[in-house]
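A short write-up of the structure that comes next.
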Number of protein chains: 2
Amino acid sequence: MRICVIGAGNGGQALAGVLAQRGHEVMLFNRSAKRISGITDSRTIRIEGESSGPARLAYVGTDIERATKDSQIIMIVVPAFAHASVAERMAPYIKEGQIIILNPGRTGGALEFKKVLDSRGAKPGYVIAEAQTFLFASRIAGPGLVRIFRMKNAVPVSALPAKDNHILSEVLPDVFPEFVIAPNVLYTSFNNIGAVFHPAALLMNAGWIETTHGNFQFYLDGISPSVARVLTKIDEERCEIARALKIDPLGAVEWLDFAYDVKGRDLYEAIHNNDGYQGIRAPVSLYNRYILEDVPMSLVPISYFGKSLGLNTTTIDSIINIANVVMGVDHWKKGRNLDSLGLSGLSVDAIWEYVERGVKPS
Amino acid sequence: MRICVIGAGNGGQALAGVLAQRGHEVMLFNRSAKRISGITDSRTIRIEGESSGPARLAYVGTDIERATKDSQIIMIVVPAFAHASVAERMAPYIKEGQIIILNPGRTGGALEFKKVLDSRGAKPGYVIAEAQTFLFASRIAGPGLVRIFRMKNAVPVSALPAKDNHILSEVLPDVFPEFVIAPNVLYTSFNNIGAVFHPAALLMNAGWIETTHGNFQFYLDGISPSVARVLTKIDEERCEIARALKIDPLGAVEWLDFAYDVKGRDLYEAIHNNDGYQGIRAPVSLYNRYILEDVPMSLVPISYFGKSLGLNTTTIDSIINIANVVMGVDHWKKGRNLDSLGLSGLSVDAIWEYVERGVKPS
């Protein structure tokens with residue numbers, strides 16, 4: 001199968017390599033030539049760790065038309081804050097039957113992507129979907145060299161609207177049996193645990209990160225009892241919003257059990273029982289996707305959903321406001337909102353009608 | 001002169017000792033007998049560091065009537081969250097002409113104290129005043145042993161109402177020439193730099209404090225560039241509220257120049273140029289007066305003043321909200337508000353009339 005991978009960062013190169021290893025014809029696109037200069041000619045990625053070995057791609061370059069044209073699946077592997085601009089660039093070339101998957105969508109990724117594609121005149125008949133998280137933990141280790149630490153077992157994914165999920169069910173098992181179908185994009189968008197863990201844990205360790213360049217274990221040292229209490233409150237606010245949207249959310253403690261098979265009486269204990277967090281160091285600075293991506297593309301839209309439902313978002317909002325001051329950016333303006341997701345003014349039932357069947361009230 | 005000191009913590013014991021050294025008859029009261037058990041009989045405090053030597057007090061005990069009865073000055077040296085309950089206990093014994101000074105008042109201390117005294121039937125004719133900060137940096141080093149690290153040069157103090165300031169001017173030079181008279185309690189209440197520095201710096205180093213038991217320098221390591229940006233924003237919000245109350249606030253950078261004679265192009269630089277912060281370690285936990293006192297008795301009333309004036313308090317509020325989650329307490333309810341300060345519904349001009357002349361609109 002011809003598969004396009006958009007974005008040649010840590011995730012995109014790993015995904016392109018693994019897909020090629022599995023026998024697919026892989027077209028790897030990156031916006032800037034610089035990041036792919038070491039592999040543009042050789043078109044070869046070596047993988048270390050899980051799934052190790054070399055992989056030869058069919059195309060590596062900066063021509064988005066060429067990369068996407070005859071690809072059956074287009075895997076978007078860019079930070080969520082770049083989704084809208086990628087959609088704008090891709091819109092003219094999308095063809096009927098192509099499957100676009102955001103890896104991951106964060107909160108509202110597929111909703112935003114579809115709105116941009118349609119407003120830019122993309123031809124109908126494509127399938128848009130979002131994954132709840134990325135398939136691997138991976139890092140670029142050198143030019144053409146990618147290290148995959150861990151491949152996840154079960155990554156939920158859903159199409160928008162969910163009536164297209166049967167198409168994913170037909171195609172994805174041949175590509176990534178790791179994908180499991182979620183009921184609709186509200187599930188993938190609201191079971192966004194990064195939004196719960198990352199920004200608050202970063203901001204409540206701001207001095208430690210900046211003064212020591214992240215010289216501590218991010219989860220095991222950084223998430224102390226007080227930090228865990230704030231994460232728990234953020235998680236409660238998120239779950240309450242999710243329930244008001246009539247979806248059954250996975251709480252952070254349940255998620256740790258699901259993803260890592262660890263248990264605990266509370267979030268602090270569950271995190272500290274997770275051997276999978278051993279050795280994961282803090283980022284070296286706050287200018288990191290844990291804020292740059294997780295605040296505007298996750299916490300902000302979750303908060304806007306909450307406000308539209310009249311729910312309490314005090315703790316989420318406080319973290320967003322502190323992040324605004326730290327980054328010198330108004331994430332309330334820069335982030336996703338109900339309008340950019342195409343849901344302005346819709347009732348919960350109307351939102352469901354849209355995410356399930358693609359129909360909005362006239 | 002007979003002087004009563006209420007509160008035998010780090011500050012109260014140091015103050016009692018220094019006053020006795022200066023020849024005053026000192027009555028030291030503490031609510032619990034346990035803290036003063038080592039000095040109740042000997043009535044002797046030895047001072048190390050500045051002003052070193054022994055000091056013999058006239059009384060050390062738990063009888064508030066005896067401690068306050070014939071004292072010309074009553075120095076309140078308890079955390080601000082205990083001001084209201086101290087006022088309740090003292091109210092029956094206050095006599096005309098007695099001078100009560102809160103050391104310090106945090107934000108609105110004298111306003112709250114006076115409201116409680118009057119509502120509990122204290123006889124009129126007393127003088128109530130608040131200091132902007134405490135006179136020393138001091139620590140109890142053992143039973144009857146106090147170490148004074150630093151005595152401040154100029155501590156602003158004002159009576160409520162300010163028309164009583166002439167009484168302070170007559171009496172205080174004989175007691176503490178370090179006191180300087182401020183125009184009114186709005187100045188002492190709003191130039192509360194602890195409110196700017198402490199809670200946010202603590203919360204943005206929560207993981208570091210809890211995981212290492214505060215094993216870093218609080219100001220020099222903990223106030224990294226991002227933390228300094230948040231402190232700066234809190235300071236801007238505070239100063240805007242102060243200006244709306246028609247007082248000219250001292251910005252945090254100016255205050256560092258005033259208090260420590262250090263300069264810097266911004267708050268980060270000024271803090272890091274301050275040798276006086278060398279060796280000041282972080283607290284060992286978050287259950288510390290930097291939150292317990294500075295959030296409900298400083299940030300909360302500052303925020304309520306801001307809201308009543310229609311001003312932006314977003315950053316201050318975010319810090320309060322995070323502190324609420326961390327401490328499991330609603331500081332919005334537990335803290336001072338315009339009602340507990342006796343200022344509900346007053347215009348800025350009416351507030352001035354009250355803090356200057358003690359008159360409220362009928």
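Including glycine, each Cβ sits where the backbone N, Cα and C put it.
Given the structure is predicted, the values throughout are model-derived calculations rather than measurements.
The following features are taken from TrEMBL:
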DOMAIN    B:3-101  domain 'Glycerol-3-phosphate dehydrogenase NAD-dependent N-terminal'
DOMAIN    B:182-327  domain 'Opine dehydrogenase'
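Under DSSP, the residues of the domain 'Glycerol-3-phosphate dehydrogenase NAD-dependent N-terminal' (B:3-101) split into helix, strand and coil as follows: 31 helix, 29 strand, 39 coil. Residue counts of the domain 'Opine dehydrogenase' (B:182-327) by helix, strand and coil are 94 helix, 2 strand, 50 coil (DSSP-based).
If you average pLDDT over the domain 'Opine dehydrogenase' (B:182-327) in this model, you get 96.
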